[in-house]
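Enquirer: Encoded as structure tokens, here's the structure I'll be asking about.
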Amino acid sequence: MSVPLLKIGVVLSTMAMITNWMSQTLPSLVGLNTTRLTAATGGTLDRSTGVLPTNPEESWQVYSSAQDSEGRCICTVVAPQQTMCSRDARTKQLRQLLEKVQNMSQSIEVLDRRTQRDLQYVEKMENQMRGLESKFKQVEESHKQHLARQFKAIKAKMEELRPLIPVLEEYKADAKLVLQFKEEVQNLTSVLNELQEEIGAYDYEELQNRVSNLEERLRACMQKLACGKLTGISDPITVKTSGSRFGSWMTDPLAPEGENKVWYMDSYHNNRFVREYKSMADFMNTDNFTSHRLPHPWSGTGQVVYNGSIYFNKYQSHIIIRFDLKTETILKTRSLDYAGYNNMYHYAWGGHSDIDLMVDENGLWAVYATNQNAGNIVISKLDPNTLQSLQTWNTSYPKRSAGEAFIICGTLYVTNGYSGGTKVHYAYQTNASTYEYIDIPFQNKYSHISMLDYNPKDRALYAWNNGHQILYNVTLFHVIRSDEL
């Protein structure tokens with residue numbers, strides 16, 4: 001924009017110089033270069049003041065000279081009489097001067113047209129520059145909005161990834177533990193090899209027999225252990241991370257020796273597919289499983305596998321179904337009288353958890369609530385074959401206030417919540433029909449427990465914690481039965 005303006009300045013300066021030159025030079029070119037003229041009365045006047053020539057017949061006389069409003073030179077002359085010779089030298093000079101003036105006028109007009117064109121070009125460029133400036137502002141605002149959206153998307157992604165941090169930390173801890181085990185096994189193998197070399201083959205067989213004898217004695221002692229009272233729960237062990245926020249997983253406490261299948265049921269309603277893993281190792285390390293399709297969708301997360309059958313609550317009903325996993329047929333169906341269902345009396349976390357089936361050392365149980373017991377927890381001992389209720393206990397604990405519950409040795413234990421800080425704080429003993437408030441810390445590692453069941457074979461708690469499959473070891477106060485009693 002500065003170049004066209006410079007052109008305009010040059011043109012205007014040139015025009016002023018030409019005008020000034022004409023006002024000073026024109027009189028001298030026609031022979032009138034005196035600074036003052038003699039008037040008819042014998043006086044003198046300035047060149048800018050009009051006078052009549054002394055003798056109009058003799059020659060051309062300048063009457064006046066001035067500049068107009070646009071800076072152009074204007075001269076008023078008195079021509080000689082017609083009898084004057086047209087070949088007069090001054091006439092010729094004047095004619096040449098007029099031609100020059102006409103030429104310069106034409107040049108000035110050309111310059112003026114160019115100046116007008118340049119001015120239009122400058123105005124056009126100015127409009128374009130303003131348009132570009134507006135577009136640049138729009139682009140800048142759009143870029144800022146785009147960056148804000150990208151930042152928001154990245155922030156949302158980070159929020160999604162944040163819960164994985166403790167999982168990764170757990171894996172790191174597990175890796176360190178595995179390395180420690182590996183080192184210990186290597187050290188033990190080395191020691192055993194040294195012992196074998198020292199004591200010889202015969203002594204080694206004797207040592208093996210002593211170990212077998214000790215193992216038998218320990219098994220016999222374990223069989224004498226009576227049911228105990230819960231006194232502690234270990235820190236959680238993360239077995240796997242999979243599935244949705246809600247679900248259940250379990251093993252069969254009456255499975256044959258050497259069989260350790262894992263059963264996996266994702267979600268709490270409108271699902272009927274059960275996964276079967278051949279072993280705990282397969283469940284932890286692979287995704288190889290067999291799928292079983294139940295005849296009806298289940299409700300809640302209170303399913304159990306017991307003696308080769310899966311027991312579950314049929315969706316939107318108080319019906320309990322026993323389904324054989326080998327033949328994939330229904331073995332028994334029975335209604336649980338007066339039990340609330342369809343989110344009437346669920347645990348505090350919801351999820352259609354009205355009816356919770358459990359297994360302990362004494363067999364199969366059902367935990368639910370009824371209108372007759374004002375929504376408080378009811379415990380029923382069930383026949384695993386007929387599903388008939390053998391005995392029922394009414395507690396005074398409101399089921400909707402319970403986080404989760406499990407049974408060990410005929411005692412129902414209830415947690416005070418399902419998220420955040422959690423503890424076991426209520427126990428109901430069915431053998432004495434009494435209850436007490438207790439305080440056993442319980443680490444809720446992933447902040448949302450939707451399933452918690454006891455396995456009497458493993459003497460461990462199985463939990464589903466916000467998409468993580470967890471194990472807890474329990475500490476029980478045992479009483480050893482005497483053979484003399």
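Including glycine, each Cβ sits where the backbone N, Cα and C put it.
Just so you know, TrEMBL annotations never went through curation; they're auto-generated.
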Enquirer: Of 45-93, 94-142, which span is tagged coiled coil by TrEMBL?
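Expert: Among 45-93, 94-142, the range TrEMBL annotates as coiled coil is 94-142.
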Enquirer: If I go by TrEMBL, the feature coiled coil sits on one of 178-224, 225-271, 413-459. Which?
Expert: 178-224
Enquirer: Please average pLDDT over the coiled coil (178-224) for the predicted structure.
Expert: 65
